[in-house]
Protein chains: 2
Amino acid sequence: MAYTEVDQLAINTIRVLAVDATSKANSGHPGAPMGLAPTAHVLFNKFMNFNPKSPRWANRDRFVLSNGHGCMLQYALLHLFGYAVSLDDLKAFRQIGSITPGHPEAHETPGIEVTTGPLGQGFANAVGLAIAQAHSAGVFNKPGYELFNNYTYTIFGDGCAMEGVASEAASTAGHLKLGNLIALYDDNHISIDGDTKVAFTEDVLKRFEAYGWHTLEVKDGDHDLQGIEEAIRKAQQVKDKPTVIKITTTIGFGSKLQGTGGVHGNPLKADDAESVKKAFGFDPSQSFVVPQQVYDLYGKHAAEGAAKEQEWNNLLQKYGGEYKAEHADLTRRLAGKLPEGWEKSLPTYKPTDAAVASRKLSEAVLEKIHSVIPELLSGSADLTGSNNTRWKNAVDFQPPEYGIGDWSGRYLRYGVREHSMGAIFNGLAAYGTVIPAGGTFLNFVSYAAGAVRLSALSQVRAIWVATHDSIGLGEDGPTHQPIETLAHFRALPNLMVWRPADGNETSAAYYSALTSTHTPSILALTRQNLPQLQNSSIEVALKGGYVAVDAPNAAVAIVSTGSEVSIAIDAAQYLKEKHNVAARVVSIPCFEVFDAQSKEYRLSVLPDGIPILSVEAASTLGWERYSHEQFGINRFGASGPYKQVYEKFEITPEGISKRALATIDFYRGVKPRSPINRAFQQLI
Amino acid sequence: MAYTEVDQLAINTIRVLAVDATSKANSGHPGAPMGLAPTAHVLFNKFMNFNPKSPRWANRDRFVLSNGHGCMLQYALLHLFGYAVSLDDLKAFRQIGSITPGHPEAHETPGIEVTTGPLGQGFANAVGLAIAQAHSAGVFNKPGYELFNNYTYTIFGDGCAMEGVASEAASTAGHLKLGNLIALYDDNHISIDGDTKVAFTEDVLKRFEAYGWHTLEVKDGDHDLQGIEEAIRKAQQVKDKPTVIKITTTIGFGSKLQGTGGVHGNPLKADDAESVKKAFGFDPSQSFVVPQQVYDLYGKHAAEGAAKEQEWNNLLQKYGGEYKAEHADLTRRLAGKLPEGWEKSLPTYKPTDAAVASRKLSEAVLEKIHSVIPELLSGSADLTGSNNTRWKNAVDFQPPEYGIGDWSGRYLRYGVREHSMGAIFNGLAAYGTVIPAGGTFLNFVSYAAGAVRLSALSQVRAIWVATHDSIGLGEDGPTHQPIETLAHFRALPNLMVWRPADGNETSAAYYSALTSTHTPSILALTRQNLPQLQNSSIEVALKGGYVAVDAPNAAVAIVSTGSEVSIAIDAAQYLKEKHNVAARVVSIPCFEVFDAQSKEYRLSVLPDGIPILSVEAASTLGWERYSHEQFGINRFGASGPYKQVYEKFEITPEGISKRALATIDFYRGVKPRSPINRAFQQLI
């Protein structure tokens, strides 16, 4: 279809809005929106199916701006197409409380699918969105009912192309032959350090070919709208490979500084902004002006999108007549609800049950719940046999032609790519029909810190099955034994770190992770066996902390988590027998959940008047929050059989007892206030 | 040169030692050593220059086993060639206190260059080692004096090839045309999840070609010793590109389970171990047997290496006659000493000096010290203008043919690749002639968590210039505002997190980072201006914590870091003026350094008897260590002008005063014990 002056006007309107918003904020990145406006115009107006009035429509095309600093591009488009993003919102760009923050945040702005800005993440999120689409199609599509056939589009820049997380995700996408994934590479040769030739001279398309992608090129992304359109059309036609289109653009197109780093991260100077407006036929004395023709053009496309949603809704209704169970399953998932009564499948344990490693307890949970929660996708970063993340009859998510799985498969082979696994989780969760879970060693969740952070910030339900969670992994040694990891993730807002001590606590961790629809979880699990505790139950564990062993007139309380709780209980026994000292033992499997309980409850667990000692086989940092004295490991671990490693660090009944006695001595004559009592409340 | 039976015997000895050691430990990875023994034999015995009796010889060839789980390969080689690794050490594989831990640790074992195991890291370390070689050659080599011409060899497996950190480093190495870097890709098609076809079907060599590497292939790495040799020889000849050689091997060669995942991470079954020994001509009833011919063969090569070192030492001596200054510089660097009196170049500040952002203060330090510490290499992950890491007349480290720098250049353009930047730091530091420093935003040091952890574990002096360290970065918003980051890295053992409050503290941070030869540092620096403090000096800041403002009969002490110290001082003023309350303000720029001071000193800073409030614009986790009450940000930040963001979170004189008054109230009538007083000492 021929392009007219109105198309050009729309493109220039986007550019000028980006100039205006960054100028008004005196902050932000005009260059990428100005360079990408032609690409985005063609993509949004010629290809993308969406209904701005119904931004959560299940089969909408997904768009991810991986170079999130260019978000004025996206905010402008959202406004122009009629999403609930007003001109006033654009005027409030990068201001406190606005829905147009400095980088796109999915939970803040209608039409933003995922939170981007930290480079490389969005690209990997797009891979997750495309996996979710292919999986949903595999599960729900039926002859005559192509319910899920949306495309996932992502724009990414040189910065994203350099980040390892994107490389990992690209390799995964190529392997998985995600035909509905189309990535538009903004090849503008500029990053913050100037010309990319200083650090980035690889052949990006060849690299993507090596990953198994279909590759295309548009040489003049500033003017060749037809070329952009043709490339996207060709990309849509290749169904057995993801496509990357390298589109060469001029950053800051129209600015006096176009094509330089000067236009990347700073507003245009006043005279430059004026000259841009003049060149594009806008009145330089006015700001935030949108010609009516642009609203009309985009409004027409939006209306077409609304009609497509209506068609789809009709199709879905018809589907409901023919495929009742699938329809019920799908509508339930889209409503964000778990199946009624699913939690009855969670295993429970008696104290007389055998000692089991919590990674195995986690496997037992997955074995029980996978059939009642069909939206749960499991997987591992190449540690399946160690993470115990795969239920017995699991089917791999794989292109059927490999003969090792199919699109409806629920087990993902992420490869040794923890960071992209975490970022793919975020894309999967954002799609709306699945719940991602996946395994690695706790120590290597750190490789994915960037993605975990965005799970938390964007309020995504993602579940890390993080096994081998301490020195208890033994012989692999300090390179694999986490020390700082629990503190790191406990300090991250809106993330639950669960470290269950036994079977009931493990079931509680899964209950909490699955029902917390806006919070990711890390389940820290052991390699070694753990006994079933006397007082544990799913119910008490769901309070995040509880009295595991009580003792009348306790002289000390020992608070602990996970594998150290049973050692603390043995220490209490030892104190009683050898020193006639009564000790209470408290299990706090999840700080975040415990903190959310009433003060009264928390004080009943950690009361005033007795000294409290914490014990955990990890950094003591942060344990002061629940204890007066801390015992842990503030150095790196050691390679050896795990019991010997515990002995080396004195995390044994004797070693704990020694510190408990020192604690009692230190507080003799003092009735210490519980650390639950605070002078003031934190802001939340 | 033809290969004989003795070569085969050496190869099989390595294999059998790997079987024996993993069997004795009942733990470990026999598969990779068995598959890689032919490759390693050819590499070590035909190519590598090293002197086992002098493992730190500056121009030795470097070897990195990136798939560190295969470390019995390396331990066996070290033993056989005559390094200080005995048969008893091999028998103590994976035992506590041994020099043969579960993964190779550079600071534990002679002959191990870098600490590997966390996948992908070693590969990126090798890139760092190769950069250091090229740089050292650029600086020190003269006509007739090729002092630095060593090769860096690395073996990496499929797991490393999948990790983003290795992809990033490979792209950098290709850009930098590191001709002396030779990577041997162990293409055995097996990872922990079994056949790599489940997740990893990309064309690895094509990908490396795209990065600009020279690529070669050896189809039968189990038998074709000649082919391996020819490939390495060809690789050596290509001087303007790094080379990757894909060597197809059989994991666990010789085992009944060879070529399967069964032989990856578990010792061989007893009968399998027996049959391996029989097949290789070893007595199945004996373990840890080394035929004398193998010692002889390898001993001969080791002697040749020793002779080469002697030649090199002679060359160096001669060099000393002709190039006195360079010789003095080099020998000083190799001795691990900084230039005499360098610290006099550190800038100092008076309270009347202007307010300056600490990222600019950091730039001022670099501007002053770069000429007196020639071994300091700076750089940035594509944030040069924001991190202020480049001194004015800096020359880029680049292949000269680009025309934008040369090999002697001291400024590295890492690209948007934080993780590989951190891992390259570790390789640079391991080389022995340079000190790496480099910048990114504090929030994105998290991308490199895996590498930072290994800096700390392997006791490497690496310096992160981590700017934009809080909500103070303003408009970029929560995606870029660290909250958990300080707590994360404070919990990591052997890492110094410095968060300086002014110019003198910034100079102190550099002093500490540069003189701590076995500890990495993160310097958390502001985007916004900070006033120069009244009581600060390099000397007091080097205690890690000190009284920034004293007040007789203080009713409260406020402890803080970085940009919040001056706000706390304003709060103390506010308390005095509005409430007639005296407050002491304490600055603790570095927890780790403060913790190392005498108890007496620490108690003088944080005395018994007055309540202490901490203030930091980040997670409060961990601050309980120095305070009774904590004020911080336990949620994500906000996008807006930075002063408004501070106001939103009430980190203002008024906001702090309110919490200080609440703290005083809460402790009224109580003389709280200083948190410096503890019931017992932590194990270190």
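Cβ from N, Cα, C; glycine included.
Keep in mind the model is a prediction, meaning the values are calculated, not measured.
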Candidates B:R56, B:R359, B:R413, the one TrEMBL lists with B:H29, B:H264, B:S386, B:H468, B:D476, B:H480, B:R527 as binding substrate: B:R359
Same-site residue for Mg(2+) (record: TrEMBL; known: B:N188, B:I190; options: B:D158, B:D203, B:D220): B:D158
Further binder of thiamine diphosphate named by TrEMBL next to B:G117, B:P118, B:L119, B:G159, B:N188, B:H264, B:F444, taken from the candidates B:H69, B:H327, B:H370, B:H488: B:H69
Least Cβ-crowded entry, counting other Cβ within 10 Å, from the binding-site residues listed as B:H29, B:H480: B:H480
Largest CA-to-CA spread of substrate binders B:H29, B:H264, B:R359, B:S386, B:H468, B:D476, B:H480, B:R527, angstrom: 48
Secondary structure at B:P118 (thiamine diphosphate binding site), reduced by DSSP to three states: coil
Site extent for thiamine diphosphate (largest Cα pair distance over B:H69, B:G117, B:P118, B:L119, B:G159, B:N188, B:H264, B:F444, Å): 34
Length of the line joining the Cα atoms of B:D476 (substrate binding site) and B:F444 (thiamine diphosphate binding site), in Å: 13
Candidates B:H69, B:S386, B:F444, B:H480, B:R527 (binding-site residues) with Cα within 10 Å of B:E418 (active site, proton donor): B:F444
Listed binding-site residues (B:H29, B:N188, B:R359) that sit near chain A [CB under 8 A]: none
Those residues of the chain, 6+ apart, with a Cβ under 8 Å from that of B:R527 (substrate binding site): B:A357, B:R359, B:S386, B:T467, B:H468, B:D469, B:G472, B:L473, B:G474, B:Y642
Residue, out of the binding-site residues B:N188, B:S386, whose Cβ gathers the largest set of other Cβ atoms within 10 Å: B:N188
Packing count at B:P118 (thiamine diphosphate binding site) (other Cβ atoms within 10 Å of its Cβ): 28
Length of the line joining the Cα atoms of B:G117 (thiamine diphosphate binding site) and B:H480 (substrate binding site), in Å: 30
Binding-site residues near B:H29 (substrate binding site), in sequence order, restricted to B:H69, B:P118, B:L119, B:G159, B:N188, B:F444 and a 10 Å Cα cut-off: B:H69
Protein Cβ atoms within 10 Å of B:H264 (substrate binding site), excluding its own: 25
